[in-house]
Amino acid sequence: MVASRAIGSLSRFSAFRILRSRGCICHSFTTSSALLSRTHINYGVKGDVAVIRINSPNSKVNTLNKEVQSEFVEVMNEIWANDQIRSAVLISSKPGCFVAGADINMLASCTTPQEAARISQEGQKMFEKLEKSPKPVVAAISGSCLGGGLELAIACQYRIATKDRKTVLGVPEVLLGILPGAGGTQRLPKMVGVPAAFDMMLTGRNIRADRAKKMGLVDQLVDPLGPGIKSPEERTIEYLEEVAVNFAKGLADRKVSAKQSKGLMEKLTSYAMTIPFVRQQVYKTVEEKVKKQTKGLYPAPLKIIDAVKTGLEQGNDAGYLAESEKFGELALTKESKALMGLYNGQVLCKKNKFGAPQKTVQQLAILGAGLMGAGIAQVSVDKGLKTLLKDTTVTGLGRGQQQVFKGLNDKVKKKALTSFERDSIFSNLIGQLDYKGFEKADMVIEAVFEDLAVKHKVLKEVESVTPEHCIFASNTSALPINQIAAVSQRPEKVIGMHYFSPVDKMQLLEIITTDKTSKDTTASAVAVGLKQGKVIIVVKDGPGFYTTRCLAPMMSEVIRILQEGVDPKKLDALTTGFGFPVGAATLADEVGIDVAQHVAEDLGKAFGERFGGGSVELLKLMVSKGFLGRKSGKGFYIYQSGSKNKNLNSEIDNILVNLRLPAKPEVSSDEDIQYRVITRFVNEAVLCLQEGILATPEEGDIGAVFGLGFPPCLGGPFRFVDLYGAQKVVDRLRKYESAYGTQFTPCQLLRDLANNSSKKFYQ
């Protein structure tokens with residue numbers, strides 16, 4: 001039973017998610033003038049306790065790089081050599097961040113696995129010295145303690161953390177395609193148990209402080225303080241330091257012990273893991289789960305398992321060696337380069353490159369309380385924006401308000417909010433059927449039906465009741481913004497803000513500017529999106545913008561493949577097997593067959609035969625029979641409420657029978673089907689950069705992965721071209737062009753890169 005429980009606790013293992021970085025606030029501190037020569041780490045002495053403060057300048061977060069490591073070793077050597085110091089406290093001067101991790105840019109210059117492995121070994125040696133410190137060191141944690149930051153903390157003799165939402169602990173290296181390389185794979189299993197350690201390392205999930213305490217990852221919690229003469233953050237940090245200093249004194253005086261007693265279940269699990277058979281069963285179960293979920297596309301999880309297994313079965317020395325070697329191997333893989341590229345792209349897309357807007361948006365108004373409008377309202381009020389939600393019917397408005405409340409209440413169930421906080425946030429939302437209050441609106445976002453006439457109508461109405469400075473943003477997914485703005489009296493204030501469904505889950509926001517959109521309007525739209533917690537790309541106006549324009553030719557190819565006789569389940573298996581989180585046929589059902597038809601027709605008119613392939617007639621017939629996808633319960637699949645299982649909709653065969661296309665054997669292998677889907681997407685993405693729709697490859701990759709589910713392991717269409725090779729992409733396109741024509745003709749920019757192997761999107 002104990003063995004099954006140890007294995008069962010791994011059931012929380014989830015599929016890959018993308019790392020969300022946390023912003024941190026700077027906080028000043030005082031230190032002795034003799035120590036000011038150090039940039040990142042200084043210390044002062046309180047009685048016989050050294051208080052080591054980490055504070056990387058000109059950065060919102062503390063990260064571990066070679067300079068920080070050098071200063072840390074220098075400081076620790078001084079402390080160990082000073083007989084007046086008997087213990088130490090390690091604390092950050094940034095209230096929202098302990099240490100956010102190691103600086104991944106250290107790996108950028110590595111050209112061999114051995115170079116990367118040396119970086120791992122240096123970290124291991126530093127933390128081993130800390131672990132064996134003759135003077136106890138207490139880690140005082142407030143804010144994010146991630147990656148190398150957690151490895152630093154668990155090498156200390158004791159850990160105290162603030163019990164608030166900003167304090168999270170985790171090892172997200174797997175999300176970057178690598179593993180914890182400074183001893184994490186060896187210390188974590190001993191500290192929290194093998195099942196919990198696997199769960200942390202294989203998912204990269206963040207652990208909140210209260211949960212970390214129950215796991216044994218943190219030894220003591222400190223409640224945050226409220227406001228006083230100083231801010232709550234400053235008061236909490238000072239209190240945390242005071243508690244940590246007192247405990248460090250107690251450790252040095254041997255009045256308290258760093259060893260925590262384990263509960264019965266922890267003792268039973270630890271005992272079970274001493275039995276070789278149980279350990280082998282755990283390894284086997286975890287490996288099988290990893291292989292099933294990653295489909296062999298991500299090498300890091302299996303290497304994490306190997307490193308842990310080596311340490312447990314062969315001892316510490318072998319474990320640390322395995323960790324550093326596997327870290328070096330992973331750092332040079334295409335997958336890690338792709339995932340690190342996405343991380344860097346995310347950081348770029350969370351900044352407002354258009355500067356601060358002249359006027360901050362304080363009052364937001366949203367037109368349309370449907371799925372999208374209510375979703376936009378939820379992410380707005382959740383971040384403190386006062387929001388008006390207008391609809392034309394009482395029923396529609398009520399449904400929208402209920403959706404917002406449910407979204408907030410779900411957070412209460414997950415203990416992310418209290419019921420008081422939920423009600424306070426919900427009070428920021430005012431629902432109405434008229435334009436009352438719009439005279440104070442700084443921005444109006446319309447989420448009405450995708451019909452140009454309807455959008456023209458509401459634009460005119462909005463401009464008649466809002467102030468001159470008010471921005472009008474359209475949440476259209478395909479209609480050109482310049483066409484919407486054609487009836488505007490203030491075209492410089494009109495912009496596109498394309499959200500993705502479900503709005504509270506999807507991170508991407510695609511902002512679309514016309515030739516007349518002012519820079520200040522763009523800056524305001526980006527500022528609102530960032531406040532809503534979005535990752536933002538800004539693109540030029542045009543049919544389909546960037547994301548819908550890339551999706552349309554890919555979906556056209558999907559329809560053709562279905563017409564050629566590949567059933568939806570096989571197509572889904574092939575596309576998820578290539579790295580898409582959702583299969584192609586399932587994606588069509590999720591988007592909505594009616595929406596797919598609408599987009600296919602509009603973009604078909606705009607781009608002609610190049611967007612051809614599959615017959616739009618298939619979509620039309622499905623819509624006529626009410627097969628709209630998940631929202632209607634039937635699409636390519638049949639969906640049942642409350643059930644994750646789905647069966648093929650056999651009635652689709654009756655529709656397809658008159659639309660069958662003969663498959664071409666030379667381009668119909670499983671691999672060809674995968675590359676037909678991916679290359680049409682990639683070619684269109686590169687063409688968007690060529691035409692100036694996209695400003696940078698980074699935004700193109702972020703938009704594709706975060707908005708459309710392009711395989712994260714490939715890093716986005718532009719990173720894929722760099723890693724796979726432009727010439728190979730062009731060769732693939734030429735092969736399919738010979739079978740299908742101009743739909744696969746490679747764009748000029750791709751051909752240019754193929755002709756010059758030294759040119760890449762990322763130099």
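Any Cβ shown, glycine's included, is placed from N, Cα and C.
Between SER120, SER257, SER643, SER650, the residue that has phosphoserine written against it in Swiss-Prot is SER650. When SER324, SER419, SER427 are compared in Swiss-Prot, the phosphoserine annotation sits on SER419.
With respect to their backbone Cα atoms, LYS350 (N6-succinyllysine) and GLU510 (active site, for hydroxyacyl-coenzyme A dehydrogenase activity) stand 12 Å from each other. When Cβ atoms from all protein chains are considered, those within 10 Å of GLU151 (site 'Important for long-chain enoyl-CoA hydratase activity') total 30, not counting its own. Cα-Cα distance from LYS334 (N6-acetyllysine) to GLU173 (site 'Important for long-chain enoyl-CoA hydratase activity'): 15 Å (rounded to the nearest whole number).
Taking each Cβ in turn and tallying the other Cβ atoms within 10 Å, the top scorer among the modified residues LYS213, LYS664 is LYS213. In this structure, the CA atom of LYS664 (N6-acetyllysine) is 35 Å away from the CA atom of LYS644 (N6-acetyllysine). When the alpha carbons of SER419 (phosphoserine) and GLU173 (site 'Important for long-chain enoyl-CoA hydratase activity') are compared, the span between them is 34 angstrom.
Neighbour counts of Cβ atoms within 10 Å were taken for the modified residues LYS350, LYS644; the minimum is at LYS644.
Comparing GLU151 (site 'Important for long-chain enoyl-CoA hydratase activity') with GLU173 (site 'Important for long-chain enoyl-CoA hydratase activity'), their Cα atoms are 11 Å apart once rounded.
For the recorded positions LYS295, LYS460, HIS498, the greatest number of Cβ atoms within 10 Å around a candidate Cβ is found at HIS498. Of all Cβ atoms in the shown protein chains, 10 besides its own fall within 10 Å of the Cβ of SER419 (phosphoserine).
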